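Notes follow the structure.
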Amino acid sequence: MASGADSKGDDLSTAILKQKNRPNRLIVDEAINEDNSVVSLSQPKMDELQLFRGDTVLLKGKKRREAVCIVLSDDTCSDEKIRMNRVVRNNLRVRLGDVISIQPCPDVKYGKRIHVLPIDDTVEGITGNLFEVYLKPYFLEAYRPIRKGDIFLVRGGMRAVEFKVVETDPSPYCIVAPDTVIHCEGEPIKREDEEESLNEVGYDDIGGCRKQLAQIKEMVELPLRHPALFKAIGVKPPRGILLYGPPGTGKTLIARAVANETGAFFFLINGPEIMSKLAGESESNLRKAFEEAEKNAPAIIFIDELDAIAPKREKTHGEVERRIVSQLLTLMDGLKQRAHVIVMAATNRPNSIDPALRRFGRFDREVDIGIPDATGRLEILQIHTKNMKLADDVDLEQVANETHGHVGADLAALCSEAALQAIRKKMDLIDLEDETIDAEVMNSLAVTMDDFRWALSQSNPSALRETVVEVPQVTWEDIGGLEDVKRELQELVQYPVEHPDKFLKFGMTPSKGVLFYGPPGCGKTLLAKAIANECQANFISIKGPELLTMWFGESEANVREIFDKARQAAPCVLFFDELDSIAKARGGNIGDGGGAADRVINQILTEMDGMSTKKNVFIIGATNRPDIIDPAILRPGRLDQLIYIPLPDEKSRVAILKANLRKSPVAKDVDLEFLAKMTNGFSGADLTEICQRACKLAIRESIESEIRRERERQTNPSAMEVEEDDPVPEIRRDHFEEAMRFARRSVSDNDIRKYEMFAQTLQQSRGFGSFRFPSGNQGGAGPSQGSGGGTGGNVYTEDNDDDLYG
């Protein structure tokens, strides 16, 4: 242990991950010799390990599995590899490329008797004596070593049968000599039972939380395997571990894997199950669980959903819960000093657990199993797809990069959804009535990248199921004009997500918020949607008035929850539409219930400041009344970029008209540029309305002409064969002319003047067009904005004072 720990003072968790340099650790390779009892090494390796041909060796694999084999030398095998066939690999629960350890095992006795049973699906339809046809030729004169629990495959009589070693005497391993008695009576073993033990979770099946897993290994495996270590140092090993994190990150899975890999007795307590209506029974259920575990030490007790049985005592009204919490506390304290029982618990609400449980000596280690990052997601996807048939075009890295905020459970769902989609495509080739499916169809099944794309469009991160997070279907093409605004937005949201290294290089944290303001109908909401879509971030849209509720304190809690969710699903864009409804200037709201609106603003302010820099959460606010918004929200560091989205100019109007009509058939002679020239002062929404009205008129005409044609057919059936062309193939000029008769401006000149005044005031209070550092060439022109006078520095301080107290 020391060799790993003292290298540059690494902490234990990484030390355990590093494999020590041991010569008896070898990499598993495919066997050339197909014998079930033979493994082969290179001659130099055998010399190093002091082994001879024909020696019996003990191999240790994953999940505490062992096997006993005969070792032979093989010149084609490289020094660090060991060749073994599939049967041995399955018994050791390892795959090609895994690492196993090998050690000499000289004292294997000859067996007196062994008991083997066949596995049911391999012996179906076999008549005759299993022993004579299979077992006798397999063991005769071979002196094979076997171990209890091994499964071996015997070929003979046209087919292969699998047997499992149920019992050996002496146990747990022996050599089958000519005078060993072989029993094979009894019911065949069911394949399902075997599969279950094969599919037990191990550490390999957990992805995306390496660091946490290393921490847990250190806390669980060390005390269970080497209690002497702690004795030598003179401390007690940790007793309890609390795993917490959002649902679906793999807390229960980790506990199962730990139990399987350590070989400890695993006792699962599901929180709600131990509750009972009879007084005293729930507590005795708990006591029984702990007694059972102590009898079978070393043991792991795993309490799932701890918050169900140990809520805060002052908050619960039921007497039963209080008694259970007290019982759990006394049991955790009363675990005998050296009884190797470790209590693990999982919850996704650590703050609702009684604080007495979270002190040292009870659940003294808390491990946060968070949402995995892109590398973690890739690990998880590789684990879930290792048994899937993937087409060559599947790029799991790409999928991992696009699934922001997904936890392990979501990724598992994603993989199965993609596989189902692959099957759906082949559904027309599959006849459900048939007993079997063609081998051709089976072989052609493969999951392609398109299936993953489809599954991605269907799946949401589970943390955000209730606040519907849609990645909107709006792209930059849908937005006409506003080029500068688009560029600024891309810099704000896409750079921190796509180029975090640049921010590190220049030592800056990216800015977090933007406020759009401008007249209604200019595309503020549309911009927010497009940015969320372009950078593949999650998008939570919050309508201002929805946050306010009638209950005291609940509105603030809503704000808190939304920010928590956004942090969980980072990178995430939080879009506050109609910000003025919830962020009015404080103090002026007379008649609002108990100052609820003020408290909501305070909560939003603190959340914006407290957003940890690690997470990419961006806030976009939109309003058309910027003058009534609380100035504290508009300071740099919160919504630091104020972007005025003006009415579109002529060029933008053409772009908007084109964007609106890009899917519609429009006649060649419709001059959109002229239309744009005539619609001065129209907002984007007004222009969209003109296009819609023109479409509507074209549709109306088309339907009317169809009805007319139908009537003509009925009156004159003989003329039916004549194929007429479409009377209204496209939207014509007269449709637009008619639509323009009803067009109106939704924003008056007066309103625009107000917005422009506001924009100008902001510019004046913030900009210094003439600021230059003093150097050889001083100056520049006079101040373009700002009231000027004196040096740039003076203006700056005065202006700042002005801004602060103004």
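Cβ atoms here come from the backbone N, Cα and C positions, even for glycine.
Annotation source Swiss-Prot lists ATP 2 binding site at Gly521, Cys522, Gly523, Lys524, Thr525, Leu526, citing similarity to another entry. Same-chain residues at least 6 positions away in sequence with a Cβ under 8 Å from that of Cys522 (ATP 2 binding site) are, in sequence order, Ile645, Pro646, Leu647, Pro648, Ser683, Gly684, Ala685.
The compositional bias 'Gly residues' annotation in Swiss-Prot covers 777-793.
Here Swiss-Prot flags Lys8 (among others) as SUMO2 cross-link, drawing on similarity to another entry.
Taken from Swiss-Prot, the feature SUMO2 cross-link applies to Lys18 (among others), supported by similarity to another entry.
Per Swiss-Prot, the feature phosphoserine maps to Ser3 (among others).
Among the features that Swiss-Prot reports, phosphoserine is placed at Ser7 (among others), with the record citing a large-scale study or a structure entry.
As annotated by Swiss-Prot, phosphoserine applies to Ser13 (among others), with the evidence given as similarity to another entry.
The phosphoserine annotation in Swiss-Prot covers Ser37 (among others). Counting only same-chain residues six or more apart in sequence, the Cβ atoms lying under 8 angstroms from the Cβ of Ser37 (phosphoserine) belong to Cys69, Ile70, Ala142, Arg144, Pro145, Ile146. According to DSSP, Ser37 (phosphoserine) is assigned to coil rather than to any helix or strand.
Among the features that Swiss-Prot reports, N6,N6,N6-trimethyllysine is placed at Lys315. Cβ neighbours within 10 Å of Lys315 (N6,N6,N6-trimethyllysine), excluding its own Cβ and spanning all shown chains: 9.
Annotation note: Lys668 (N6-acetyllysine) sits in a coil segment as assigned by DSSP. Take the CB of Lys668 (N6-acetyllysine) and look out to 10 A: across all protein chains shown you find 7 other CB atoms. Annotation comment: Swiss-Prot describes Lys668 (among others) as N6-acetyllysine, evidence class similarity to another entry.
Per Swiss-Prot, the feature N6-succinyllysine maps to Lys668.
In the structure as shown, the Cβ atom of Ser702 (phosphoserine) sits within 10 Å of 13 other Cβ atoms. Annotation comment: Swiss-Prot describes Ser702 (among others) as phosphoserine, evidence class similarity to another entry.
Look at Swiss-Prot and you will find Ser770 (among others) tagged as phosphoserine. Around Ser770 (phosphoserine), a 10 Å sphere centred on its CB holds 16 further CB atoms from the protein chains shown.
Note: Ser775 (phosphoserine) has no non-local neighbours, i.e. no same-chain residues 6+ apart with C-beta under 8 A of its own C-beta. In the three-state DSSP scheme, Ser775 (phosphoserine) is classed as coil. Annotated phosphoserine per Swiss-Prot: Ser775 (among others), in sequence order.
Annotation comment: Swiss-Prot describes Ser787 (among others) as phosphoserine.
Residues or ranges marked as phosphotyrosine in Swiss-Prot: Tyr805.
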> Apart from Gly521, Cys522, Gly523, Lys524, Thr525, Leu526, which residues in this chain have a Cβ no more than 8 Å from the mean position of the Cβ atoms of those residues at the ATP 2 site?
Replying inline: Phe516, Gly518, Pro520, Leu527, Ala622, Ile645, Gly684, Ala685
>> With every protein chain in view, what's the tally of Cβ atoms within 10 Å of the Cβ of Leu526 (ATP 2 binding site), excluding that atom itself?
In response: 19
> Between Lys315 (N6,N6,N6-trimethyllysine) and Lys668 (N6-acetyllysine), what C-alpha distance do you get in Å?
Replying inline: 72
> Using a Cβ-Cβ cut-off under 8 angstroms and a sequence gap of six or more, which residues of the chain neighbour Gly523 (ATP 2 binding site)?
Replying inline: Ile479, Leu482, Ile645, Gly684
>> According to DSSP, does Leu526 (ATP 2 binding site) sit in a helix, a strand, or coil?
In response: helix
> Long-range same-chain neighbours of Thr525 (ATP 2 binding site), Cβ under 8 Å, sequence gap at least 6?
Replying inline: Phe575, Asp577, Ala622
>> Same chain only, sequence gap of 6 or more: which residues have a CB within under 8 Å of the CB of Lys524 (ATP 2 binding site)?
In response: Phe516, Tyr517, Gly518, Ala622, Asn624, Ile645
> In Å, rounded, how far does the Cα of Gly521 (ATP 2 binding site) sit from the Cα of Lys668 (N6-acetyllysine)?
Replying inline: 28
